[in-house]
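Inspection log for the structure reproduced underneath, given as structure tokens.
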Amino acid sequence: MWNQIRKPFGKLLCHESADCLSHRNIQVASETVHGEKLAQGWVTCDACVEESKLCKCDHNTQDLKSALVNEADVELHPDQANSSFAHSVINMIGMLIGLGQLSTPYALENGGWASAFLLVGIGVICAYTSHLLGKCLARSPKSRSYTDIGQHAFGSKGRVLAATFIYLEIFMALVSYTISLHDNLATVFAGTQLRLPIWASLYKSQLLTMMGVLVALPTLWLRDLSSISFLSSGGILMSIVIFTSVSCTAIFQIVKANHSIPVLHLRKIPAISGLYIFSYAGHIVFPDLYKSMKDPSKFTKVSIVSFASVTALYASLAFMGAKLFGPGVSSQITLSMPRHHIITKIALWATVLTPMTKYALEFAPFAIQLEHSLPNSINSRTKTVIRGAVGSFLLLVILALALSVPFFEHVLSLTGSLVSVSICIVFPCAFYIKLSWPQISKPVLILNVILVAFGLLLGVVGTISSSKLLITSLERAHHT
């Protein structure tokens, strides 16, 4: 069965040494940079599945030959390990802060203030698993990406499994971004009349979302990775603007922080656990950060400082939003802020612009692999057209899903529980156990087995809970 699965993936996961991605504007938010290193893989085939081995066999397949020929086109900028400790901390924080910060106040209010221990605990666990990824890379110097570690640990099955979850997370994150775009655009243009005769049956919010996606659509045709990264790096700035706006709302008492937070809502914990886990999603690009450091031995310290900073930011934002808006807090904190105020307008526009800057780089790794899987006889212009057409089609599919399932908190929770928990907790522990089995001590083994079980438990109960809530919301929307 795995041979059947592996063969179609072999074309997609061929090694196109994407080092040119690794040193360009890595300071982007976690959802933005999820894709940046995914273009990096190893040519795999049934005959060459040994750990970290580049396939150089002549398989007489046009796709494999094209990949090897085009490899020279990608290796234009060799990897430079020149990141200092401070630079690496800034990079990792930039990777972690993203879409999840909008939902932490909602998660805390629904789970109770005691759920903050879960938020902090998941942060500690994710910091530990990032440390494990560094240990895995130290044991396998040739591994350069998350999927490389998966292959080194479990062969081609590990690569296929890791790559499947990675692309699934990217797709679901883009759906969440589009839902966020839909919700915030509707708030920004509340009270504005908009009706087009061609689409008279559509709501104003749906038309606005379609327009926003169409504005972002041309960015998918960009081939210059430097331009794409520069466009996407605005995500960090937007995150800072959102946090500052909420802080100003509290500091200047635009809204009185007089709501009490419940102690614990145990039945809601499974659903909000997915929101918490998604907030720490960034492990996919940690191998790239490790490889870019002057002194990789400090990677663990970088993880500790970065996760501590991000956890403090999330916790402060969560308590601040829950105290300000209480039970009425929205799944996106910007939607709860007083709409008439200038600070709110700034925060809303920051939230609107964030998704529009992220589509291109999220799609970039898939686009690169798509281009290199095409026959070498196809000229560059035709490849660009195919790349752009496929990207446009996928974005329209994402738009359709986002408009059909406009429930931000449930989709984000499902993404965290179904996909992110595996990438952030389960896989790193499993990889480390497999790679370090001869030397691993019994206490460390027990710890990692417990974390794998904990991650699987959170994933299963969270997926079931968020799926039920999503289905219930869809049924309710259908009846109304």
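We count from 1, first residue shown onward.
Positions of Cβ are set from backbone N, Cα and C atoms, glycine also.
As written in TrEMBL, here are the features:
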| type | residues | note |
| --- | --- | --- |
| DOMAIN | 82-465 | domain 'Amino acid transporter transmembrane' |
| TRANSMEM | 89-108 | transmembrane segment |
| TRANSMEM | 114-134 | transmembrane segment |
| TRANSMEM | 160-182 | transmembrane segment |
| TRANSMEM | 202-222 | transmembrane segment |
| TRANSMEM | 234-254 | transmembrane segment |
| TRANSMEM | 269-290 | transmembrane segment |
| TRANSMEM | 302-326 | transmembrane segment |
| TRANSMEM | 346-368 | transmembrane segment |
| TRANSMEM | 389-408 | transmembrane segment |
| TRANSMEM | 414-433 | transmembrane segment |
| TRANSMEM | 445-464 | transmembrane segment |
Might you confirm whether the transmembrane segment (389-408) is in contact with the transmembrane segment (445-464), defined here as three or more C-beta pairs under 8 A between residues 6 or more apart in sequence?
no
Does the transmembrane segment (202-222) reach the transmembrane segment (389-408), going by 3 or more CB pairs under 8 Å (6 or more apart in sequence)?
yes
Mind pulling out the one from 269-290, 346-368, 414-433 with the most Cβ pairs under 8 angstroms to the transmembrane segment (234-254)?
346-368
Within-chain partners of the transmembrane segment (414-433) [C-beta distance under 8 Å, separation at least 6 from its ends]:
125-126, 129-130, 132-133, 135-136, 146, 149-150, 152-154, 158, 161-162, 165-166, 168-169, 172-173, 176, 270, 273-281, 283-284, 440, 445, 448-449, 451-452, 454-456, 458-459, 461-463, 465-467, 470
How about the transmembrane segment (389-408) with the transmembrane segment (269-290) - do they touch, taking at least 3 C-beta pairs under 8 Å (6 or more apart in sequence) as contact?
no
